[in-house]
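**Student:** Submitted below is the structure of interest, expressed as structure tokens.
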């Protein structure tokens, strides 16, 4: 089919731009230099991250030694009853997460349906376990878990019409995984296993004495754990998204080791910033969307408050979203600038409604909840049998470890989806893409009409 001269000139311009990107990215190292302010902010966050990691490591070692000494002189804390269930749950998290990401890669359609229907059951099972434990804290946790499971099941019923598109976009974006992806996933899981086990020993040491100061130590260790696990996940995310972007946008394959080396050498600061910002903004935006659904348009005051909060969340997402990690890896941008650029690009090509309706991010979240629930059930049930007093805290710690382990295992697939969206938004006419996104956009337009 012949095309007009204007269309030919437009396509040639797009191809010229893509060729320029190829010339920059064929070498392993990232060449684009950030601004002085951006460099200082990256360096600051990088220093803060490694300093807190060093200080928390010292704290964990001291607490572990102190806890073991204290356990030898009193019957208040029993290491043989506290550590084994949690360490076994941690090992289970690594095994289940690796298996799950492999099943997701080979059977995306079945795994998406399975997660949306079975995660609520597993969440409710954790809630029942906590209620059986019987303490006030466990009862509160169990009630929250059961309510969460009910909400998840209602949400699954509401979005079941989107399952097919989610499986298609996941399949097409992960059809050709980067070389050595499995190796990097395994190494990431092993790193998490070691780090989680190390953190657990410190939490156990603080639990041994159980003073008010020890509670503060536990909170500090958990906050460090949450940030560190996010950083590990996003290091893998940035590396894979860069490789997949270059493949989608330009048909170029980048060596996985070289891409990871660039991430470690140039981008740790940006990853640390994004790892601290994205979870907070994501939580705010998710809560805003939930409030909008609850508020509806019946109560004018409630609707106006929900609309105001939603506008605030929409502004925040512009400056901190997971798609920004793609430009962080490809163009060496600062995270906030990368987020703003990618979001503005989505607006320009009218992809926001498609991005908002996509379930791949929710799928990864629910997968983490499912694996976390399995680990919480394993650790909590074991403790309920051998030492009921430890069951609540062990179950919660096991849940957190399982959740993050699964998110890290699935990071390469979520990164591939993000790279697919970003590269498509930059050049929708590229022959690298099939009709998955255009067909879905047409469907959304029909639904809106």
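The count begins at 1 with the first shown residue.
Note: Cβ is positioned from N, Cα and C throughout, glycine not excepted.
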**Student:** If TrEMBL is the reference, give me the range from 20-38, 115-133, 248-266 marked as transmembrane segment.
**Tutor:** 115-133
**Student:** Labelled transmembrane segment by TrEMBL, one stretch among 394-412, 413-431. Can you tell me which?
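**Tutor:** Result: 394-412 is the stretch TrEMBL calls transmembrane segment.
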**Student:** Against the transmembrane segment (47-70), which of these stretches has the most C-beta pairs under 8 Å: 82-103, 115-133, 139-158, 215-236, 362-382?
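**Tutor:** If we count Cβ pairs closer than 8 Å to the transmembrane segment (47-70), 215-236 scores highest.
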**Student:** Rank 82-103, 115-133, 139-158, 215-236 by Cβ pairs under 8 Å to the transmembrane segment (362-382) and hand me the top one.
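**Tutor:** It is 115-133, which has the most Cβ pairs under 8 Å.
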**Student:** Cβ pairs under 8 Å only, please: of the recorded stretches 82-103, 115-133, 139-158, which one is richest in them relative to the transmembrane segment (394-412)?
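**Tutor:** Stretch with maximum Cβ contacts: 82-103.
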